[in-house]
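According to TrEMBL, the Mg(2+) binding site annotation covers B:462, B:468, B:471, B:472. According to TrEMBL, the feature domain 'TRNA-binding' maps to B:40-155. Per TrEMBL, the feature domain 'B5' maps to B:409-484. Residues annotated as domain 'FDX-ACB' in TrEMBL: B:715-808.
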Ligand SMILES: [Zn+2]
C-alpha cells in the first residue's frame, strides 16, 4: 500500500472520512492516528486560552512556516533531508512548536482559532512529509528494480515433454468418436489362426479372394493377422449370439508387401462392427457420415461404391469428397473429386451364423479403415514409412493440440 | 482387364458418352476404373501412302529415297531409313505439318542434299507401346494390308483413336474378365440393349470324330472337354481390326491362329488352346491327373516336373498341356502348322489354382479358370473361334465337336422379397424398382405374389444367395439414393475398459516424463530378436517365433523386446544431428517356449524405452545434465507410484547391459523387467553414447494395480525429524540400509529418505557416506525427545552392526 488510498489527499483534513475508510478496511502505513491529534489539540487549546490578541501575527507566521516547509519537502531528494525537515519544523525545538509556545499570549477566543489552524498546518506538513517519503522510497525501489533488469528475450529453461505418435493420436481420436456413438473397443491377438483370420470371415481354404492379401504364415494354421476383422468373429462368438455387438477394434496387421512410399508390411487398421436386430444399410451410411464429418470436416460428403469383401454382402467402398479441390478433381483425388477412405458392408450371413448369430434374426454392418491412410490424407504425408522411422522431427510436428 | 471402347461399341451403344463419363458411371456402379488410357496421342495429317518407287539415297547407303502416293496430285518424295521399306507397300505417312506423339513435328527437310517431304512411320512412332508391336514390324515401318485406301487417315485404321478403360476387378466379378460380360455390365448401367455375336462356323463335310477321340479320366476336375478339328489353316497375319483390339487389350498379335484364340478368350472370357494336330502322337485326347515326377516342357521352354495334383492333357500317351495353365512345346502351333486341334474346356478352379501356385504361371487363361468361367460359354467360344478360323485362316472346320460333357449348366434361383429388401437397405423400393433393376441386369424372373424368383445367369457365378441379389439391386438402383439413418437399437453404453484407461494413462505418464512414443516393427532380424531380452523371459526359455516364409532377413522373427528397434531409432536420429533423445513404446511381445508353434503364443503387453544424450540441456544458464540411471529410474518410479505397485530394484547382470549399472525389477516376487545402462559394446554397435534403457511387463503391473486409495488419517500430532549419516562400504546398497532403519524404527519411524550420498577425498577409499532423514510420528500422541532418542540409538547400533558402518561426524 505504498501508494496509499487513491485520492486520499483530498480528504486530508477530514478525519471522519478517514475513520470511515478504516471501517471499510482500508489501511495506510504511517497514518497519523486521530487520537494523537486529539492529544495535541488539547495542549494547544490550553495554550490559546493563555494568549489573547496577537493572533493575526501568528496566523501569518504559521502560513509562512507552512509554505516554507512545503517547498523544502517537495525539493527533498533523500529520506535524510526529509527527516531534517521534520525535525526543523515539527520537532520539539522546531519552528511550529516555537510558534505555538507563543500562543499563551492570545485571548481565550483566539486560542482555538489559532490552535485549529496550527493543528491543520501540522497535519498538512505531516502528510506532505509522508507523501514525499513515499515518493522517494518508490523512486529508490524503481532504481533498484531497474538494476535487476534481465534479458527477457533469452530462451526459457526447456521443459522436457514427450508426445504421442501421430498414429496413436489418430487412432485415439477415432476411438473416442465411436465411443461417443456407443461403441466399445475390443482387441484381439496379432498371431491369429487361419480359422479366425479367414474361414470365420467366409474365406474358406483355396478361396480365390485369399490372394487379395498375401499372408505371413508361421505354420500352416498360424499366421500374422492380415486384418483386424478376426476380432469381429471373436467378439460375436464371445457374446453368444443373443445380444447386440457394437465394437471397434484398432490394431496392427501384417501383409507380405515390399515397403515403399505407399506400402508397408506392417500397418494399422480399425475394424468396426454393429450387429443387432434390424440393422439397415442406411444405418451404416448414417454412422459413417457422422464419422467422416467429425473426422474430416462438416463440409465433406460421402459416397458409397459397390465393392467386394468376402465377409460382407453387400460390400461397399466409401469415398469422401476431396477437400483440396472441393470435388472438382485434382491430383490428390486423381481427377475424380473423391478419395477412398473406408471399406464396409452388411455382415455376410455366413459370418453371422458361423459366429452363432442367426442371420434370419440379426443383421449388421462392418467397416474397416486405415489410420495411416487417414493421417496421410489429413496431414499430407507422402510416405507411409515415415510412421515407422520415428524421426523426431516428424513426430514432434504433430504434438501441437 | 483392359477394355477397349472401340471394341465394346460392337456390343453396346456407347457412342454418345465420353470415356470419362462412362468410367465414372462404371466406378459408381461397382467396378473401379483405375484409369483411362488412350492408345495413342492424337496424330493429324498421317495418312495411308503407296510406295510408288524406292531407290537408294544418292549420298547415303542406309537411306532410301521413296516416291509415295498419298492421294494428292503429286507423290511425296520421302527419305526413309527403315530396312523394310519397299516399292508396292502401303504405309503410314506423316505429311509435313503432322504432329506425332511426344510433340514430334514433321517438317520439310533436306537430308544429305535431298529434300524429304514427310516421314514413313513405325507403329512406335505413332504411339503404340513397343511391347505390343507385332514382331514382324518391330524393327521398321508399319506395312498395311493391301485393302486399305490411299490417302485415308491412319488414326481409325490403326485404332489410334481408341480409349481403353483399366478395370480394377474385385475377385467376385470374374464375369467382367470378358468383353461380353463388360457389355452386360455397361448395358445394365446405361439401361441399353446388348448385341451378342452368334457364332456360325461354316463346317466342311468331314466329321471331327473321325479325326479325334476324347476321354476324360479326371471327371471332377474336368467336367467338360470339347475338341474342334480345324483343317488346312493358312498361318498369316490376323485381320487389322483384330490386331488393333488385341493391342488395345494389351496383347501382342502373333499370327491368325494364336490371335483368334486370344481374341475369343477376351471376348467370351473362355480360354482356348490350339494344338498342332499333326504333332499329336495318338489322335486321342486323354485328360488325367499327372503321375508323380511326370515331365512336361511348356511353351516357355521350361521343363515342369509334375505331381498328382496337376491335371494334364495327354495325347493318349504323353502330357501335351498343363490343363488351364499352359500348353506344351511339342504341340505348339507354328508357321508350318496345317491342322489345328482346338480345345474348349471347363477346368475346376481349385485344380488350376494348385497348378498356378506350384508353377508360378499366372496367365490370362489361368486367371479366368481360377475365378470360374461361364459353363454356358465354353462350347460357344469354341464355335466362335472356328468361325473366325474359317474366315481369317481360310480353314475348313470339321463337323461337330468331340466332347466329354458332364457340365452343370443349370441356372441358380434366388428368391427376392421387396419388403425384405427395404428392411435391409432402409429404403422404400417399389416392385417396379426391383423389376427395373432385374431387367437392366438381364436376369430372368418370375413374380410370385410378394416375391420374385430370379434365375441367375451362369455368367454371374458370384450370385447365389439373397444378399448377393440385394447388392445387385442396390447398386443398379443407386447407393446414393440410400437414406442416412442412425441405428435405433438400445445397444450399450460405449466406453473404455479400466485396462484401456490405464494403458492410456501409462502412455500419458511416459509422455509427461519427456519421452516420445515410437511405433516400430513387430517383425525383426534374428540378431535383434535375441538382444536385450528381459531376464524373466530368458528364464522361462521363451524363443523368438520365426516366420515360415519371411520376405527379408530384416523382418524374420517376432519380437520379444522392442529395445533393439528403439535403439535403431536413436541411431537414425543421431545420424541426423539429434542427440538428446528419449523414446518409449508400448506394445505386444509374443511369448512361446515351443520351437515349432502348435498354438497361438501368449501376447503380453510390454513397455520399453531408451534415453540418451542430455536430459537437461539449458546451455546459457550452464544447466546441462547427461541422462543417467537415476533419470530413467525416476520415470519408472513415478509410474509405479501412480499404479500403486511396490516394485523392487535389485542389481542384476545381463549380457547386453553394463554390469554395474543394471537392475532387475521385481513385483510380488516375480521378475517383471529390467533397467540400466546399455553395455558399451552395444552402444558402440548402435553408434550411441551413454544410453539407458528399460523394459517392463505391463501385464504384471496391471494385475498388481490397486484401484483403492487407502485412506489414511491426516496425523494430528507433530512429527519429529532426525538426520543421520553412515559411512558404509561402497558395495553396500542404500535400499538395504534403509530397510534396516525402517524395520528397527517401526512403528515410530514413518518415513526415511536419503538426502546425501558422498564419496571422495574426505573419506577413505572404498567407502561412501549416505545420509538419511528420518521422520518420527505417533498417531495418538506427541512423541517425547527421549522416545525418539531411544529409537534413534537402536537404529544406529543395528546399522553399525549389520553393515560394518560408522557414523560420519
Ligand atoms: Zn481433388
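Cβ from N, Cα, C; glycine included.
In TrEMBL, annotation is done automatically, which means it is predicted and not curated.
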What is the total of other Cβ atoms whose distance to the Cβ of residue B:471 (Mg(2+) binding site) is within 10 Å?
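Result for residue B:471 (Mg(2+) binding site): 27 other Cβ atoms within 10 Å.
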Please work out the number of neighbouring Cβ atoms within 10 Å of the Cβ of residue B:472 (Mg(2+) binding site), leaving out its own Cβ.
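A count of 26.
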Same-chain residues six or more away whose CB lies under 8 A from the CB of residue B:468 (Mg(2+) binding site)?
B:414, B:462
I'd like the Cβ neighbour count for residue B:462 (Mg(2+) binding site), meaning other Cβ atoms within 10 Å of its Cβ, all protein chains included.
19
Could you say whether, by DSSP, residue B:472 (Mg(2+) binding site) belongs to a helix, a strand or a coil region?
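Where residue B:472 (Mg(2+) binding site) sits, the three-state DSSP reduction gives helix.
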With DSSP assignments reduced to helix, strand and coil, which class does residue B:462 (Mg(2+) binding site) get?
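In three-state terms, residue B:462 (Mg(2+) binding site) counts as coil.
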Counting by DSSP secondary structure, give me helix, strand and coil numbers for the domain 'FDX-ACB' (B:715-808).
31 helix, 32 strand, 31 coil
So, by DSSP, how many helix, strand and coil residues make up the domain 'TRNA-binding' (B:40-155)?
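Grouping H, G, I as helix and E, B as strand yields 8 helix, 46 strand, 62 coil.
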Taking helix as H, G and I and strand as E and B in DSSP, count the residues of the domain 'B5' (B:409-484) in helix, strand and coil.
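Secondary-structure breakdown of the domain 'B5' (B:409-484): 34 helix, 17 strand, 25 coil.
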